[in-house]
Every structure is written in structure tokens, then in C-alpha cells.
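Read through the structure below, which is laid out as C-alpha cells, and then see the notes.
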Amino acid sequence: MSEPLKPRIDFAEPLKEEPTSAFKAQQTFSEAESRTFAPAAIDERPEDEGAAEAAVDAALRPKRSLWRKMVMGGLALFGASVVGQGVQWTMNAWQTQDWVALGGCAAGALIVGAGVGSVVTEWRRLWRLRQRAHERDEARELLHSHSVGKGRAFCEKLAQQAGIDQSHPALQRWYAAIHETQNDREIVGLYANLVQPVLDAQARREISRFAAESTLMIAVSPLALVDMAFIAWRNLRLINRIATLYGIELGYYSRLRLFRLVLLNIAFAGASELVREVGMDWMSQDLAARLSTRAAQGIGAGLLTARLGIKAMELCRPLPWIDNDKPRLGDFRRQLIGQLKETLQKSKSSPEK
């Protein structure tokens, strides 16, 4: 008799929905679970990467200014004048039977021919470096295209440029996976997942080796001048190795241009990531207290070499990065720290023995 009366329900009116709470249920984590908690990964500065890509594209495209055209026209006119004067000297020497002058003309012709040949070779290698950027843009378009007929020829051209033989197991798996009903996006995606990782794995090994050598060299070397020369030499060697792996033959000017583009890309997008990666380890593992100053400098030099290799890999790679296949600086960071700590432990244990 003490229960309250329930409200009246009128069936002629629509039922009222009970309001649901907007709050989620409470979750309680144990102490063991809280230790293994890992924060979610955050995308790495899309704005900075976009600015870096725009700067690289602008640097790759030749600037067609008026002064450039005037200089090129003047050089062409000077070259034509030199050739004409050389032909006239040769004719006069032949008519007067001046064999000494004729020999000098022949030697000059050989020197000019060698110079023209080297200029043409350098221009062709520089054009090949620029062409790689256009191939990357074409691959990006094919990865978002539903057309048919271009993907297979494009991928076969990339395999030929990289020196991958037709009997290579990765290329054979790609041939077995594609069929006529697939569009260009699917064919290029299969190439990126089956064939391209073969070259990427070789480039990663080269980056790891060169970064480890830079780290150990800086950690044990007492001379700053020797350190600078060694790092510069090894970084240039690393760029040459990565370019060769991806089928790009570098000349003098193309090597300088690629090195400039890599440094430009690092200046745009690499500084904040490098500081974050180094700071993460120093704060979490207290490396500043465990390692010496030279060892810390070695880790910094190794990370810079790894960053240089990653950007050179990105510029020489014929395909854009897909999903999460881009190498992370943190992967090389952990490897460098482990190798350096192992080397320091061996050096400390050897005098005791």
C-alpha cells in the first residue's frame, strides 16, 4: 500500500523516448596496464611536408627567366663562333701546309669535343633527376586513377630503370598477381607492395650502415675537423649509393642539385622531428646521464645522416609513399642507441680483461 502510484499511460499519444546519457562508461586501468600504455601516433606535420614538397618541386623546375635566356643565347653564339673560327684555321693550315697549326687545331677540336660531351652527359643526368620527379607525379596520378592500359608499361619501365631482371622473384610474383581486369591503380599498387620494397630494403640497410659509421666515428674521434670531413664524405657517398639503387646515375651538377634538394627538404621538415626524436630518448632513458658528450654528439650526427638518407631516398624513389611504408627516424634512432651502448660496454670491459 505504500508504493507510489504510477503515472497514467495514454496509448493514443506516441511513446516518449527516454533520454540517453551522453557520457561513456568509466574505464579503470590497473597499474600494470598503465605502464604498458602507449599514446596514439600523430601524423607528422602535413603542413610542413606540403611546404617541403612545394619547395622541392620549385627547385626541380628550371627557371625560365630573361637573364637565363640571354646567358644561354650568348653561350650558344660564342660556341658557334669558336667552331667557325676553328674551321677557318683548319682550312688555312691545310692550304698553307702548316702542319704544326693543323696539329694544334686537331688538339683543340679534341678538347672542345670532350668538353661538349661532358656537358651533354651532365645535362642528361640532370634531366634524368628532374624526370624522376615527373615519374613520381605520374605514379601518384595512376594510384588515384581507374583507367586501364598505362599501369603495366609504367611499372615495367621502373623495373628496367632500377636494373631488376625479369627473372627476379619479386617481379615474377608481380606478374603472377596482375591480370587484365585490373585497373592502373591496382597494378601500380601491387608493384608498390611486391617489387618496390626490394629496393627500399636495400636503401634502408645502406642508411643504417652509414648512420652507424657516422655515430661511432664522431663518438671516438677527438678532432672536430676530421669529424666534419668524414661526415661530409660519407653523406655524399650515401646519396650516391641511394641514387644508384633507384637507377639514377648522378653527375657532378646533378649530385650537387640532389644534395641541395635534400638539405632544403631537411630545413623545411626535419628540424622539429629531429628535436622531438632526440628529446624523447633523452627524457625517457636519461641518455644525457648515461652517455658521454662525444657519444651524444655521435648520436646526433648519426640521426642527421639517417635523416639525409631518408630524404635522398624520398627524392630518388619513383613512387610516392603509400600508407605507412615511409621509414621513420625513430627506427634508426633505436638502432643507433643500441649499437653505441654496445660499443661503449665493450670498450669498458676490454681494459678490465
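Note: Cβ is positioned from N, Cα and C throughout, glycine not excepted.
Considering the side of the membrane named for each residue in Swiss-Prot, R68 and I310 do not coincide. Swiss-Prot lists region 'Disordered' for one of the ranges 1-35, 316-350, namely 1-35. For the topological domain 'Cytoplasmic' (91-99), same-chain residues at least 6 beyond its ends with a Cβ under 8 Å from one of its own Cβ atoms are 105. Look at the topological domain 'Periplasmic' (121-212): DSSP puts its residues at 70 helix, 0 strand, 22 coil.
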